[in-house]
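Database features (TrEMBL):
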type     : residues : note
COMPBIAS : 37-46    : compositional bias 'Gly residues'
DOMAIN   : 135-311  : domain 'SMP-LTD'
DOMAIN   : 310-431  : domain 'C2'
DOMAIN   : 452-578  : domain 'C2'
DOMAIN   : 625-749  : domain 'C2'
DOMAIN   : 775-897  : domain 'C2'
DOMAIN   : 969-1090 : domain 'C2'
REGION   : 1-46     : region 'Disordered'
REGION   : 612-639  : region 'Disordered'
TRANSMEM : 62-91    : transmembrane segment
TRANSMEM : 243-263  : transmembrane segment
Amino acid sequence: MERSPGEGPSPSPMDQPSAPSDPTDQPPAAHAKLDPGSGGQPAGPGAAGEALAVLTSFGRRLLVLIPVYLAGAVGLSVGFVLFGLALYLGWRRVRDEKERSLRAARQLLDDEEQLTAKTLYMSHRELPAWVSFPDVEKAEWLNKIVAQVWPFLGQYMEKLLAETVAPAVRGSNPHLQTFTFTRVELGEKPLRIIGVKVHPGQRKEQILLDLNISYVGDVQIDVEVKKYFCKVGKTKLHGVLRVILEPLIGDLPIVGAVSMFFIRRPTLDINWTGMTNLLDIPGLSSLSDTMIMDSIAAFLVLPNRLLVPLVPDLQDVAQLRSPLPRGIIRIHLLAARGLSSKDKYVKGLIEGKSDPYALVRLGTQTFCSRVIDEELNPQWGETYEVMVHEVPGQEIEVEVFDKDPDKDDFLGRMKLDVGKVLQAGVLDDWFPLQGGQGQVHLRLEWLSLLSDAEKLEQVLQWNRGVSSRPEPPSAAILVVYLDRAQDLPLKKGNKEPNPMVQLSIQDVTQESKAVYSTNCPVWEEAFRFFLQDPQSQELDVQVKDDSRALTLGALTLPLARLLTAPELTLDQWFQLSSSGPNSRLYIKLVMRILYLDSSEICFPTVPGSPGAWDVDSESPQRGSSVDAPPRPCHTTPDSQFGTEHVLRIHVLEAQDLIAKDRFLGGLVKGKSDPYVKLKLAGRSFRSHVVREDLNPRWNEVFEVIVTSVPGQELEVEVFDKDLDKDDFLGRCKVSLTTVLNSGFLDEWLTLEDVPSGRLHLRLERLTPRPTAAELEEVLQVNSLIQTQKSAELAAALLSVYMERAEDLPLRKGTKPPNPYATLTVGDTSHKTKTVSQTSAPVWDESASFLIRKPHIESLELQVRGEGTGLLGSLSLPLSELLVADQLCLDRWFTLSSGQGQVLLRAQLGILVSQHSGVEAHSHSYSHSSSSLSEEPELWGGPPHITSSAPELRQRLTHVDSPLEAPAGPLGQVKLTVWYYSEERKLVSIVHGCRALRQNGRDPPDPYVSLLLLPDKNRGTKRKTSQKKRTLSPEFNERFEWELPLDEALRRKLDVSVKSNSSFMSRERELLGKVRGQDGRAEVRAGSCWYQGYSPCEEGSTPGDPLEVTLSPLQWFATSM
């Protein structure tokens, strides 16, 4: 066996030419042996060599004095000399320690058994793994195999570095164009496996091996860059490498793939030579080793791993390369006690305390607590969540330090295997600190991963009742497997991009590596996110060039989509937006719900209203580290809150406007292009322009929220639209107090400041009513009086009083934010004032919103901090208000972030129009399946005209119920027909059909055809879109015919339901027509179900249309 440098007596100076030799330390005979017969000349070559060594040593010492001379020559102080001397001594000390450590490690590897037998008195930590642990076996046979393979592995490494790594380094930076490996040798000392331990796998298809490896090698890797030489010399590496053989398959080679990774960060020590000698300077030495260790950890320390497939076309490669975590551990760092005091004053005469903080570590996941000043029994009350990938093997490590300006003092550490947490479920105990004194209080909770969303609401309710810092508790995790992209757009000049991906959820962003010079990159990376509320969060994916300036594509995916996916998993291609037409991204998303399954945990009862947390309930809140302070249960708004009205403004028409347009230099007088501008309560509206008309009809409706403050006026101005400056056509004003007192105003107003002209306005005050009984009627009336040029009419008024918030998250964990709130409904938003430096702001502000569809709209609340971003959000569906008492909710709401609550009052009022001008009578026709001649009325009474709005609303409620009339053998069609006098149009809405007849094997492709008789030309024919393969199609399509009322009374409406008979054929199959009593159906206002019949039935001839007759009793007349 070759003797290592550390064995035997120390080598002489001649054996180490690099070491300086001092001639004064040698005996006189060693200086010069003179031959008497040689005239004083040296006797032999040995004397000449010793003389040369003396001169070399003298020259080196002379070189040391050169920096001292230069410092004096340029006038530098002696401090620079001392600094250089200290730097050299530190470098020499680090170098000697590394050499001594390498010699000891190599000697231990060479004579392991003998040294172990001689040193059984050594500490347990210094023993090899096969001695320390009886279940760890030696594997000398494996070491012999590695020793035999080692030279060939060196040849492979030389080819890999020269042919793959070096070109990649040269291409990454223009300054590294001369980068080359001049020497690659792994040395003669191979890697050794100290011990092997076999674990039972989690599944039968895998084998787990833990290899305790130790490498103390004489590796030589030389790098040259622009004539600068950098060398890696002797290296020492120790760690536990886990090898997983999975999946086990029924074909050779039995093992489908091999996964390798370090469970914990290995220890690394490198001896640098050449220019990299500078890296052995104190400070730089540990920094360089740490940077290299970080690079190793980026691909070979959990959760990263190296996967080597052994068979082609292996399934679930992404799952093997980045498997799901075994579970999540929620670490509550509560407190510590009995810590040692490290602060000293007056040169140690006065003993102070410590400023403790804790580092919590599991694998590559590290968290740092806040510093508690001057305290030996600190209370942290912080919570961290870590992903556990391997059980057993991983350890939770907590180190406590004393914060100091220079170097932090070590106060102690504790370690705990995660397997104990898995067995206990919840572990709450004081753990002693090793290497110091005192104890640390931890509460450890094992969270299982569920593949269905059944218990998500329970988890969310529990998390809302738990206050934690610095981050709110998570309800789920998301693992994103980023696979590849296709057909990304090119850069300018048709150059291939260098794509990388940024994945973001709220304020957490992770980046992939960059793939160079391709528009079809393959990443094969995994990213992991903690989710506070997967129902409202989104995953934002940005594909960019590596410069981050060019966006190649984007994708926004609501995470709620995964909640309905099988096993909470999506594995597919996604089309990219803001990209090429064929650009797409292949990713796999896996969500898992975090569930704490322990008998010690009591989940609160889920309230009836999701999103609300009853702060007065006495539900247990174990694990809460911050108790909520006493607070009011309800808001206290001022007396003016909720007293708003809605003013509905109908701009109908104008007459006798003045003509402003001139042609041919004013010789020819034209007309005007008038439009109207309205101003009220700080808001302004503008009608559309009517071209070349002095008696225009606008027929537009505007709505504005008003209060009863006296002195307000509605200002109306009419202008002529021109290319340059619009001409003034007149103005008028209406007192708001007059409208609010009377409730309704319909007048022709004379335009002022002009010779002629008047304007027809209709103004109505709508007072909100706290009942949802009339909502459906209001929605139907609004649909009937809706004009084509106007926005959708409001059905309700939402009033929100934003009082205060509490327990908002702090900035950087310690500083209070500057919070403000934003309330949004649809396109309308209201921003509150900003309250400075507080986590419990008081706003006392109110806002009102017009609501058009209360069943589907929602109130969106965001609490933000100036300069800190989103602090929390809340989404309140207005459908919850519709079922609440008095349409009002007044309580504390928990923000979706899990940290922070807001106290607000939201109340809804239904806007009921008492002057809609709708006059109607509603009727419905139905046929019994046994007799087509019998047509019982659903509610009796002869047709009559009524102008009472309550009676109208009552009838519309009956009509709109589709369950009132049973379907006949041919089905039914639902229609709404009326005449709108303001627009002078006949309007029909085809809602849908039900229970249509199926003649063949496949369902029909139905559509509805409308014909206004007696004309049968294209001008009066209307038809809906076609619905595929259905017996109950939904159309909801509107059709209009422009004709005066007297002509409409003479018309008949023919309604037919048809289906395409076959592909490539123009024939249409008649499914049925609307049938009424005596061959005639009278259509009156409202939505009615009409029975279908076949033209070939008894008593009718083929082709005879069943007609809908229109009479004066049937129309909605909006004229007053």
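Each Cβ is built from the backbone N, Cα and C atoms, and glycine gets one as well.
For the transmembrane segment (243-263), the residues of the chain that approach it from at least six positions outside its boundaries are 201, 203-211, 296-297, 300-302, 304-311, 314, 317, 320-321, 363, 390, 393-394, judged by C-beta separation under 8 angstroms.
Here the domain 'SMP-LTD' (135-311) returns a mean pLDDT of 76 for the predicted model. Each residue of the domain 'C2' (775-897) gets a DSSP state, and the totals for helix, strand and coil are 18 helix, 58 strand, 47 coil. Note: the domain 'C2' (625-749) comprises 7 helix, 59 strand, 59 coil (DSSP; helix = H, G, I, strand = E, B).
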